[in-house]
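Student: Okay, here's the structure, questions in a sec.
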Protein chains: 2
Amino acid sequence: MEDQVKRNWDQFLELIRKIGGYNEAVALMHWDLRTGAPRKGVELRSETLGMLSTEMFKLSISEEMGNFIEEFSKPEINEQLDQVSRTIVAECKKEYDHNRKIPADKFKEFAVLSAHAQTLWEEAKENSDFVSFEPSLSKLIVLLKEFIGYWGEKDTRYDTLVDQYEPDMTVAKLDAIFSRLRDRLVPLVKKIEASEHKPETAFLDQLFEQEQQEKFGKFILEQMGYDFEAGRLDESVHPFMIGLNPRDVRITTHYLQDDVTSAVFSSLHEGGHALYEQNIDTSLAGTPLATGTSMGIHESQSRLWENMIGRSRAFWERYYVDLQKHFPQQLANVELEDFYRAINRVENSLIRIEADELTYNLHIIIRYEIEKMLFNEGLEVKDLPRVWNEKYEEYLGLTPPNDGVGVLQDVHWSGGDFGYFASYSLGNMYSAQILHTLRKEMPQMDEYIAAGNLAPIKEWLTDKIYRFGKSVTPAELILRVTGEELTPDYLADYLEEKYTEIYKL
Amino acid sequence: MEDQVKRNWDQFLELIRKIGGYNEAVALMHWDLRTGAPRKGVELRSETLGMLSTEMFKLSISEEMGNFIEEFSKPEINEQLDQVSRTIVAECKKEYDHNRKIPADKFKEFAVLSAHAQTLWEEAKENSDFVSFEPSLSKLIVLLKEFIGYWGEKDTRYDTLVDQYEPDMTVAKLDAIFSRLRDRLVPLVKKIEASEHKPETAFLDQLFEQEQQEKFGKFILEQMGYDFEAGRLDESVHPFMIGLNPRDVRITTHYLQDDVTSAVFSSLHEGGHALYEQNIDTSLAGTPLATGTSMGIHESQSRLWENMIGRSRAFWERYYVDLQKHFPQQLANVELEDFYRAINRVENSLIRIEADELTYNLHIIIRYEIEKMLFNEGLEVKDLPRVWNEKYEEYLGLTPPNDGVGVLQDVHWSGGDFGYFASYSLGNMYSAQILHTLRKEMPQMDEYIAAGNLAPIKEWLTDKIYRFGKSVTPAELILRVTGEELTPDYLADYLEEKYTEIYKL
């Protein structure tokens, strides 16, 4: 690299790290707001969040940024950069082009509004009071539609939103993938419904002391290889993972006294997200590549740990004895096999985050369809609870008794995150495809798990996926790791095999 | 106010609130670093803290700020402002003049260094390892001396530092005040040493469950009127209060299993600081006046609640029964009068924050003298442990067995806060003088306290002190509230009266 190019690059990195610094401050404020910030301070805090987000936004679309991008995009300069540096430039350019189109005051309005809406949502959910949340949600959607106008519609308005979370994914592709998946899963669900070999789950309906749940959750996270010296575990209404920097990756969980499995599997889930972020190569720290390559790939890692490892027979062959030790009164007389079958019961239910691996995809399809309606088909916000309830009746045969366990159950919309939900099912599909390869390359995987030796799995995932962060695209990554493009068949195969055995189909 | 002046003023307020926003972000990061941020994330976090501090600093010395100050300082404009607005301008000007003299890279260096040093200090204190902390401390002092050079020495180098925390206070005045106080307190300490009526304290040396300590501490904070919806209570190595905004004022405490009084009185102490910040008039929010007027006045409020109220007989006439309920095994057979005498024992000791009301001032004088030596008399950092230990032997007849309970015991120096310690004794003196007036104006004060009716005291303090924040100077405030300038005599009177009774002198 020429000396002058090197000097410019260092200045460029300084600008990028400054943006990263704002990002860290904003992330800490979000974490704080959701883990115990005092209620009365929220309004002033939201103003501050808006201000910092605006400053970050201004830098990402600054003339200085524009000049650097132009400079490093010149062929004779660009060829002097290594592959990762080129990807950094491309990522900044994408962000620059994307954000340059939004006026700064609109961006600030969005940041303030979404911070405030998240707080209102928490209360609205608590009180099952959709009406108190509706005006904020409406305003967010109006703003997002304006944003789509600024960005330019892709095939449809909703395509523009989907592309944000899963680059190069389209509504047309998703429709095709989801319909293929649906064609294989619906018959499976029907067969399970008709099965006479339903798991017994009554023993799960007991009180499980929170303190013991906390201890067991921490133990499992340690076993997975979550580094508590580079993260921390807290409580929040809705569990989440947030990476402040690659050495400060925090997770939260939510304890239910009458359901020990909820916190266990949400810890495994957020732990999976966190393993991804904690193991990104340090050379990417402070750059826009120090995160997951897409929401779908991120979700594949949470799903892999939560479901494919965390709900496997091998996993509980090793850890059930520990769970029993934490809850002797509740579980001493419950057999491992009964526990394994119970945590894998399939049952149509109301709450997405409590849903089983199989019907989970129906929860996603409902949200995906509603979001399409909101952005492409003129559905009004006031009609959301009705449409939500109708779809739950249609797809899952259930009507929510109130909006707290219905349309208000998820945090996403309060943050303006429309287009995100599809990622969850994409995550399921990616993870099954990755698992297939992992099993091929590590035939003794189940033995490792059953011996509590999870490190080789974490290492394999780090080597194949985690360390690259966002320096490869999701499509490149899945092709490179598995040798194939994304297909829903591995997920369908996995689920058919697993449930055929459990339900003796 | 003319229209144009009004428009300018609004723009000025926007700039000020932006600075306030950075301040809030930086404060949250500091809080986070001390209440559980993951160890491995600290290095990257320190960089971010440095970046945000630098941005804040740049704004406070920006051309834009300079122009506003110049504009609003013009007599024909200034006279259109109300008193509070004029004080805001004056405060910004003081900050501007002060900071304009420090080069931005020096300021950043200081911010990064002090954030890092605080983390090193925590470990050094834990391991009683001064050597690992020495290089950082040396660098901080070298930088501060450079800063003093930029600011310009007042009477002495150390004067320049003292003035930062207590405006218009000088080393000469402090020498005079401390010597007068010493002349009255030393004989009192001697008499107490000679007394045959020493309190029995053996019953305090028991194990007190942390969970119960936490419950009682929260109860007492609620009784004081600390608003938990505008703050939160956490644990940290060294207790502190930090105001993120006037509706988010956080405190921390530190629980010692073998000393129930430590957490109780540190909660009362930090709670006193917090009451001040929580009750500043909302009209000052986001301006530089939304804080205490000086460190000394701030400390007077923590001391008033910790000692003058919290260690009074009336207070425990009401709350001792609650403490007994929290610790029946430990205290059921201990009489109120014995407890009252025990928490007011006078004893020469090693740890400042555990010291009694009387000898506390000797701890301060040691630090005050050492800081003067560091900045005015060429004491080298490597000699600190030796000088510290010699002075403790000389003033208190004790030599610390290790540096963890010696020179490393306080957080202040690791943050570069030299010149601060004097504020603690100033706080004692202010608080005694304020208490004298409070008693005169509220003769039934002790009855209120004994009835658990602390609200009138909080309201009186809010009305006389809290609500004004930094819109009055400490000297103005003490004169306005008490009708007199600061004198150490009220503190001496208070202590003589209290201990004469307790020790039957």
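Each position is counted from 1, following the chain as shown.
Cβ atoms are placed via backbone N, Cα and C, with glycine included.
Given the structure is predicted, the values throughout are model-derived calculations rather than measurements.
Checked TrEMBL, it gives:
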ACT_SITE  A:Glu270  active site, proton donor/acceptor
BINDING   A:His269, A:His273, A:Glu299  Zn(2+) binding site
Student: Residues other than A:His269, A:His273, A:Glu299 within 8 Å, Cβ to Cβ centroid, of the Zn(2+) site?
Tutor: A:Met241, A:Glu270, A:Gly272, A:His298, A:Gln301, A:Ser302, A:Arg303, A:Trp305, A:Glu306, A:Gly427
Student: Which one of these recorded positions has the most other Cβ atoms within 10 Å of its own Cβ: A:Glu270, A:Glu299?
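Tutor: Most Cβ neighbours within 10 Å: A:Glu299.
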Student: List the same-chain residues at least 6 positions away in sequence whose Cβ sits under 8 Å from the Cβ of A:His273 (Zn(2+) binding site), in sequence order, or say none.
Tutor: A:Met241, A:Ile251, A:Gly292, A:His298, A:Glu299, A:Gln301, A:Ser302
Student: Tell me the Cβ contacts of A:His269 (Zn(2+) binding site) under 8 Å, same chain only and six or more apart in sequence, or just say none.
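Tutor: Set apart from A:His269 (Zn(2+) binding site) by at least 6 residues yet with Cβ under 8 Å, we have A:Pro239, A:Ser302, A:Arg303, A:Trp305, A:Glu306.
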Student: Could you check what DSSP calls the residue listed as 'active site, proton donor/acceptor' once collapsed to helix, strand or coil?
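Tutor: Reduced to three states, the DSSP call for the residue listed as 'active site, proton donor/acceptor' is helix.
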